[in-house]
Amino acid sequence: MILFILSITCSVTVSVLLKLARRYHISIPQAITWNYLTAIVVSWFLYQPGTKVLTEPAAFDITLTLGLLLPSVFWLLAASVRHSGIVRTDIAQRLSLFISILGAFFLFNEHFNGWKWIGLATGFAAICLTVYRPEKSRSASANVIYPLLVFLGYGIIDLLFKRMALIQDRPYTSSLFLAFCAAFAVSLVSLVVLLLRRKTKLQLVNFVCGVILGLFNLGNIVFYLKAHRAFAENPSTVFATMNFGVIALGTTVGVLIFKEKLSRLNYIGLALAILSIVLITLSQVYAV
């Protein structure tokens, strides 16, 4: 259980840090760049891939695509937390499994039962209701667009990680390490461009915040993988606990601490999100 608590806490803490970044004038591009540098250094010590990882055959198309998507979606995550709040962003991120499950059906020929189809339909309704805002304004458009982009982005990233996990000629951790390297390279190039255009300037506080962000971001991944290893016989337990936990804790933090306002339809969307995860979990339990 401690692995679930640690992974859920790390996941929600990332959203909280991004929420606080604007309040304390933290540069998001700098924080994201140093976040990936931290992930590289820590994962090197954790997994010890060695220099051989640089010469082993690799799926460069997947690695490069992840290198572009990881920092880009992280920027969108920060924008979504800022404009739409922690609750909507965490739900959008968790319901991105909707895309990865559809990808499993169309790309990996996975069998679907009735539970999964109903869960997907419920998840689609949950996304629509969760991001709904009644007001008509430019700000309201951002409130809807950013969570939807987070939803799409994390769904595509999850599909790419699934493809990466199927590569037989290199350890998954080595591929993950290379993806972090590619993401850092893309982030660093973007940061250099901003520095040359004088849109930002290097500050120690941004580096420190990036390191903290990187530790929690990587911690979420590491503890999640360890939970899957510890409950290898029952992956649906990991799946359900993680998604329930992040949505529950994210909602609690967003509403009670940051005073985020949710409409009645948003709460219905939250309930449908939990129901969707229950149904998809049942589809795994009763898979044939």
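Numbering starts at 1 and runs along the chain as displayed.
Cβ atoms are placed via backbone N, Cα and C, with glycine included.
Where the annotation comes from TrEMBL, it is an automatic prediction and has not been curated.
TrEMBL lists 2-131, 146-281 with the feature domain 'EamA'. Summarising the annotation, TrEMBL assigns transmembrane segment to 58-79, 91-108, 114-132, 144-161, 176-197, 204-225, 237-258, 265-287.
Remote same-chain residues near the transmembrane segment (176-197) are listed as 29-30, 32-33, 36-37, 39-40, 43-44, 47, 49, 53, 58, 63-64, 66-68, 70-72, 164, 221 (criterion: CB distance under 8 Å, separation of at least six residues from the stretch ends). When Cβ distances are compared across the two stretches, the transmembrane segment (91-108) makes contact with the transmembrane segment (265-287), since 3 or more pairs at least 6 residues apart fall below 8 angstroms. Long-range contacts of the transmembrane segment (114-132) within the same chain: residues 84, 88, 91-92, 95, 97-98, 101-102, 143-144, 147-148, 151, 263, 265-266, 268-270, 272-273, 275-280, 282-283, 286, each at least 6 residues beyond the stretch ends and with a Cβ under 8 Å from a Cβ of the stretch.
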